[in-house]
């Protein structure tokens, strides 16, 4: 189970994704923990079992158990908060004065460096399409000292993983 397995499973029409996935997994401007946490969190966010399984199994040999749990926690909590804040945004401010009333304790105590958790949350929020959360997480990341290049790299990883998941979802229908 690995990135290589995902690359091999991609059809020819997804060759660009195959190349991009290989490039980003070999190393980036992110630390190994930032990179693999972003890969795990975004793989979980795609809801594609094959993509998640392959990435998670390789990441388990790189990330600490705490970082692996935190990456999955980022995907889970963002699944909830992205829907809430994106949905509230559709209501033109009519509900902005009300408390969400949602537990989000993992955001304050993720079990890993908070900037890593924010990076993973940012990447998942891009997949989930919540521009409020994307903007909020980007601001926190920049204030924490991450560079524009690091933030953009997480965005790029999210885009690649989402593309890989979409391409692999079509393969069974082609046979």
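Here the Cβ of each residue, glycine as well, is placed from N, Cα and C on the backbone.
Look at Swiss-Prot and you will find 130 tagged as active site, proton donor, backed by sequence analysis. Note on residue 130 (active site, proton donor): other Cβ atoms within 10 Å of its Cβ, all shown chains, come to 22. In the three-state DSSP assignment, the secondary structure recorded for residue 130 (active site, proton donor) is coil.
The annotation disulfide bond is assigned in Swiss-Prot to 130-133 on the grounds of similarity to another entry.
Within 10 Å of the C-beta of residue 133 (disulfide bond) we count 22 further C-beta atoms, all protein chains included. If you look up Swiss-Prot, you'll see 133 marked as active site, cysteine sulfenic acid (-SOH) intermediate, on the strength of sequence analysis.
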